[in-house]
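J.: What follows is a single structure, and I will ask about it in a moment.
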Amino acid sequence: MTQSAETVLPPRRVLFVHAHPDDEVISTGVTMASYAARPDTHVTLVTCTLGEVGEVLVPELINLRSDLGDQLGGYRIGELDRSCAELGVTDHRFLGGAGRWRDSGMIDTPANDDPRCLWRADLDEASAALVQVVREVRPQVLVTYDENGAYGHPDHIRAHDVSVRAFADAANPDFAPEAGQPWQISKFYETATPKSFVQAGIEYFRESGGESPFGPAESADDIPLAVPDELITTEIQADEYLPAKVAAMRAHRTQMAVDGFFFALADGIGKRAWAAEHFVLTRGERGPGTEPGAHETDLFAGLPL
């Protein structure tokens, strides 16, 4: 969905930039659902690729794989549509249009060398594509990954890089003037998984005997994506939207097995923990009155809205 020039958007607007279909729900599902449910808030999701190189967990759909029929990207558009419907998100776009940049695959795989992939994208062009969305929607808040892409996936890293560039470029009147009037985003957040959450997961899988997504690690200190709890600036706790997050996860059936670790982890460490999502504010000012060691509870905290 693209907003027309006549569209009057709500006063609070947040832009989420994710790499592939399904990423939107894993780290930001309850956050997106909770804001999408508010009449005063507009949620925009930009997905950078179709996820063409992802795995296929449904046996009867195995021929969709990139090394076989190479039809997975188109199929995942439908999965993403269903996920957004579960989350209540009505404004979703693909960066540069569907299929402009291809899934780059995991690091150090042949897919990284495909000239069509996001990892090889010209940063000016990719930023211009995101700037066009920013200047149209005029979000006060942007949410994406950290500079390591959370767990090092090339597309997550590139989504971060593009977002950082667009954060600056959107406010620059000399950059892509054809993309609309300059707009300054007020707050830039990066998704984060607290060490305490990772440690709880490690201990759960060790005690239950299940296959751990954290491998043989005994401590969250050994997991690169685990962020020290004291660095977390913001926590969105939205228990009532956990069912929407779970339903959105199930919409991505080629990627998430119903007996997979995401659902096992939710059962193991407690659903309330799974309904909390965490962020680090890296650009902009924290909301006033946030005591040392305390978290913001609203991405818009401190903004004059």
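Note: Cβ is positioned from N, Cα and C throughout, glycine not excepted.
Since this is a predicted model, take the numbers as computed values, not measurements.
As listed in Swiss-Prot for this protein:
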BINDING   His20, Asp23, His156  Zn(2+) binding site
COMPBIAS  284-298  compositional bias 'Basic and acidic residues'
REGION    284-305  region 'Disordered'
J.: Going by DSSP assignments with H, G and I as helix and E and B as strand, what are the residue counts for the region 'Disordered' (284-305)?
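T.: Residue counts for the region 'Disordered' (284-305) by secondary structure: 0 helix, 1 strand, 21 coil.
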J.: Quick one: which residues besides His20, Asp23, His156 have a Cβ within 8 Å of the Zn(2+) site's Cβ centroid, in sequence order?
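T.: My list of surrounding residues reads His18, Ala19, Asp22, Cys48, Thr49, Gly51, Tyr145, Gly149, His153, Asp155, Ala159.
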J.: What does DSSP assign Asp23 (Zn(2+) binding site), in three states?
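T.: For Asp23 (Zn(2+) binding site) - judged by DSSP and reduced to three states - the answer is helix.
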